[in-house]
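Inspection log for the structure reproduced underneath, given as structure tokens.
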Amino acid sequence: MYEEMDSLIEKASILIEALPYIQKLYGKTVVIKYGGNAMINEKLKNWVMEDITLLKYIGVNPIVVHGGGPDINSVLKKLNVESQFVNGLRVTDMQTMEVAQMVLVGKTNKELVSMLNQKGGKAIGICGIDGNLIQARKHYEYVNGEKIDLGYVGEVVSINAKVLEMLAKDEYIPVVAPIGVGEDGTSYNINADTVAAEIAKAIKAEKLMFMTDVEGLKYDKNSKKIISAISADEVLKMIEEGKIDGGMIPKVLGCIDALKHGVNRTHILDGRIPHCILLEIFTDKGIGTMIHL
């Protein structure tokens with residue numbers, strides 16, 4: 001009996017620990033970039049959907065921006081189309097664009113919306129074409145000074161924040177696929193990390209969170225010690241020193257850009273940890289790395 005009571009008291013203590021964080025975030029917006037292994041592993045996916053649904057029920061407004069690289073790769077492989085990347089960006093010809101739009105908007109997005117709704121959330125799936133949410137233009141990449149045409153790869157020109165504000169007002173959880181639209185109606189495939197940061201900036205989110213497949217940032221890649229908090233200047237120095245590279249660069253640069261445009265806190269989370277969102281937001285220790293100005 002005493003063991004059972006101790007267990008109940010421990011659960012109550014955890015809830016009380018979360019109280020000040022709940023009070024601080026009540027009515028605020030949190031943008032979550034959902035990607036990595038947490039999108040592939042069904043258990044992790046289930047936990048993430050539970051976290052997001054709980055956020056909504058306690059008065060936080062979550063906005064989910066998702067990738068879909070593995071799903072796109074799978075379909076392209078079946079079509080015998082080889083994937084090519086330049087500086088981490090997918091080269092997107094017409095056929096690849098059609099596949100990306102079909103997969104991101106028609107498959108990945110709807111699966112996430114369905115899961116959230118099954119958990120009791122009130123989710124709605126949208127992409128940048130809907131309501132001109134993500135207005136975009138063609139993006140060129142530069143390699144050793146050479147201008148590279150990536151096809152239908154876009155960059156964000158502006159975000160129509162009113163669309164997201166309207167959905168939040170009606171208690172919806174927006175789930176955003178990173179497809180943007182140009183002035184002439186052309187669809188563009190856009191890096192989901194960039195889209196998440198731009199949305200966070202446009203709506204002045206309280207938090208921007210990137211789910212990744214790493215524990216967090218480290219001063220030494222071989223070290224087990226994770227940096228719990230780091231300034232934007234230190235992050236830029238680590239990029240110069242080669243301590244941050246690859247797919248982590250657009251994430252941390254997105255964090256810094258968001259911070260400079262009114263977002264209060266940005267986080268790099270290990271999406272492989274069960275309930276990583278709740279652990280970061282509602283516990284004293286948190287997990288992953290917080291980036292601040």
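Glycine too: its Cβ is placed from the backbone N, Cα and C atoms.
Fair warning: this is a prediction, and the values are worked out from it, not measured in the lab.
Noted in Swiss-Prot for the protein shown:
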- LYS33: site 'Transition state stabilizer' (SITE)
- GLY68, GLY69, ARG90, ASN189: substrate binding site (BINDING)
- LYS251: site 'Transition state stabilizer' (SITE)
Cα distance, LYS33 (site 'Transition state stabilizer') to ASN189 (substrate binding site), nearest Å?
16
Does anything in the same chain, at least 6 positions from GLY69 (substrate binding site), have a Cβ under 8 Å from its Cβ, and if so what?
GLY35, ARG90
Per 10 Å Cβ neighbour count, which of the recorded sites LYS33, LYS251 ranks highest?
LYS33
In angstrom units, rounded to an integer, how far apart are the Cα atoms of LYS33 (site 'Transition state stabilizer') and LYS251 (site 'Transition state stabilizer')?
9
Does GLY68 (substrate binding site) have same-chain partners at least 6 apart in sequence with Cβ under 8 Å from its own Cβ, and which are they?
MET39, ALA100, VAL103, LEU104, LYS107, THR108, ALA177, ALA192
May I have the list of same-chain residues other than GLY68, GLY69, ARG90, ASN189 whose Cβ is within 8 Å of the Cβ centroid of the recorded substrate site, in sequence order?
GLY67, ILE72, THR92, ALA100, VAL103, LEU104, PRO178, ALA192
Record lists GLY68, GLY69, ARG90, ASN189 as binding substrate; longest Cα-Cα distance in Å?
12
May I ask you to report the DSSP-based helix, strand or coil state of GLY68 (substrate binding site)?
coil
Just counting, how many other CB atoms are there within 10 A of the CB of ARG90 (substrate binding site)?
21
Is it possible to get the count of other C-beta atoms within 10 angstroms of the C-beta of ASN189 (substrate binding site)?
26
